[in-house]
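Annotated features in TrEMBL:
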type	residues	note
TRANSMEM	A:33-62	transmembrane segment
TRANSMEM	A:98-116	transmembrane segment
TRANSMEM	A:128-146	transmembrane segment
TRANSMEM	A:179-198	transmembrane segment
TRANSMEM	A:205-222	transmembrane segment
TRANSMEM	A:228-249	transmembrane segment
TRANSMEM	A:256-274	transmembrane segment
Amino acid sequence: MPINENNLIIQNGPHLRDAADAKSLMRWFAVSLIFPVAAGTFFFGFQALLLVAVTAVSAVAAEAAFQRLAKQKVTIDDGSALITGVLLALVLPPTFPLWMAAVGAVFSVVVVKCLFGGLGFNIFNPALAGRAFLMASWPVAMTLWTRPFDSVTTASPLYLARIGENVPGYLDLFLGNRAGSLGETSILMILLAAAFLVWKKVIDWPAPVAFIGTVFLLSFTLGHDPLFHLLTGGVIFGAVFMVTDYVTVPVTTKGRLIFGFGCGLITVLIRFFGGFPEGVNYSILLMNIMTPVIDKYSRPRIYGEKNAKKS
Amino acid sequence: MKSFSRGIHPQDSKERSAAKPIKEALSPRKVILPLQQNLGCPCEPLVKVGDEVSEGEKIADSAAFVSAPIHAPISGRVTEIKYYPNACDYDIPSIVIEATDAVDKVTRPGSRWTLEELAPEQIRKIIREAGLVGLGGAAFPTHVKLAVPKGKTVDTVVVNGCECEPFITSDHRVMVEKAAAIILGARALAKAVGAEKIVVGIESNKLDAYKAVNFEGLKVRGGVSVVQVKTKYPQGGEKMLIKALLDREVPSGGLPSDVGAVVCNVATAAAAAEAVTHGLPLTKRVVTVTGPGIKEPQNLLVKIGTPFAELIEQCGGTVGNVVKLIMGGPMMGIAVPTAQVPVVKATSAILLLTDQEVKVEPEGNCIRCGRCVRSCPIGLTPNFLAEYAKTGNWQGAYDYNVIDCIECGCCGFVCPSRIPLVQYFKLAKNAVRELKLAEKKAVCR
């Protein structure tokens, strides 16, 4: 067959591309969320699944509506709004009122993401900023924890530890048989999701490892049970799903290590010296603010760069 | 195994042609020779329309230092000197020679020499007169590399046998089949620059080439080492290879000679041997015709000036819907608009890609995944550079070292948002150069 020269594409190299594109990365990330959603549904029942559905639908609908009104290209097919919606549900109490959750999802997508320019331009992790917004708006509902299976109101393990009460054992904490946010309780399922994401090369290790390592070492140094502090609250969940958010964390390996360390440090400071029993949410949001400056000063050394600083 | 930092691992796709011996292509009836086939300055024709020329005769040259003469690849008559499309898109005329049925006679610019009887200055002159340029793809005139600036000494000639671009196997075959010439050529280059050491770097995916070159290298007692380097793109980049083999870094904005090295490609070394020992000018080279769009991939020994179309035909024609015709490899090759463009000195491969491999995807927003940063062999932050280029922030691009970009395409390969990063950097580099030139002028005033 002769070459049809009218078909020839003139384009700069590289002429071949890696198979992973933005949509496939988002798709695999969304797939990994099935693990914590399944765990939440198992422990907290159908209402948990309903909460996930409500925030997911609200988030996607909010993005579509905003972009339609702003006369922008509707980009809900990139999957990022769906992920934001599901992530928000996963960091809420399982019995959280659905309408409040919907408000949170709309805030996450419209205020935190779309108003900053959409995908790639938001400064804060949308789901975590949405959670902070809900915390400020309905603090009572946001701290109403329930026991798995029977939905009896109880306190979170971190709060129990703070007031010196008995806490669940390591195995229950690991499997997820404890009060807590919908998706954060089952460490097992989160680790399975993490393995999946690493296998699919969606997330990389620096920020999560630095985050978890810092919490572990600082808890130990300050005389607390380091394992307990990893297994409770949102450290593992945040390490796997939040500090791996591309948009709001630094781009360099060094930067991601610094970011993870900062998150660990602030989490520990809040847990041991702050006013809240849990600090993962605010630690990540505070480090999100630091991202541009970390990016600026964590750039790799340039090959052949002279020692003298360029003006 | 030795290597450099970061880089990428694209599928090497060399199995299509790696085991196929070099085959001489049919001599073309007509050759098209663009008057510029190298980095630097174009040539002026030494012939006019109607002249008879013989194979090997010098037909174009330039008085400029950074240039290389062009020789007639076939005997025949000059029928035209006018613009023809060429892969490098130089806006420059081509000399067209049509073969006559007269008996071929070969003109040699020099005679046969042995390395021992030549002085360094003579070697440089022979290599210049043979029209030698870097055959790895950049086509930088070889004699210019050999003219080591005053005050600098070169201790090592690095011979580049990496061939890190996927699909291409021309260097691979040259290493397997012409190992002795490579070593001899490298020794000639070493003598020309006064270097005592020769280091050949070959990627680990070409074991037969390593064995062949190492065998010849061992025959020379001392001074030659043949080293396997990691199979990783862009291992064959000059700076990357110097880092891997010598653990030296070419300073930003500098040349390999700043760190005592001269780098040449294996095919260039082999051509240097032919120039020195047989007095042969550069009129043919090995070209890999390959890709999913070609029926029978091959490594062909091709007369420079042969149109791509003839070689495609000799490889059984195309298969599927070819949508990209590329001179060179898939990473840094140049997409050409027509199969009528001729093979030039820099043509290491002709790659045909079909609509199965090439997807035209719209550019998305940067999602800051950081893959480009983790792939850049130089240590740049392509995501920020692209942002600066898009917004015309040339000072920002300069501060973030865009000038150091080697345009290898790693960032563009891995970018999940399909941002044409290299394209932005080419734009930015030009703009930055202009900006700096303007600043300099302003200071002088």
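Cβ from N, Cα, C; glycine included.
With a threshold of 8 Å between CB atoms, the same-chain residues lying at least 6 positions outside the transmembrane segment (A:228-249) that come near it are 33, 36, 87, 90-91, 119-125, 127-128, 156-158, 161, 167, 170, 173-174, 178, 180-181, 183-184, 187, 190-191, 193-194, 197, 202-204, 207-208, 211-212, 215-216, 219, 255-256, 259-260, 263, 267-268, 271, 277-281, 283-284, 287-288, 291. The list of residues near the transmembrane segment (A:128-146) in space but at least 6 beyond its ends in sequence, with Cβ under 8 angstroms from a Cβ of it, reads 44, 84, 88, 91-97, 100-101, 103-105, 107-108, 111-112, 152-156, 179-180, 242, 281-282, 284-285, 288. A contact between the transmembrane segment (A:98-116) and the transmembrane segment (A:179-198) is absent, since fewer than 3 of their C-beta pairs, 6 or more residues apart, lie under 8 Å. Non-local neighbours of the transmembrane segment (A:179-198) in the same chain are 28-29, 31-40, 43-44, 48, 51-52, 89-94, 145-148, 154-157, 173, 204-205, 208, 230-234, 236-237, 240-241, 244; each lies 6+ residues outside the stretch with a CB under 8 Å from one of its CB atoms.
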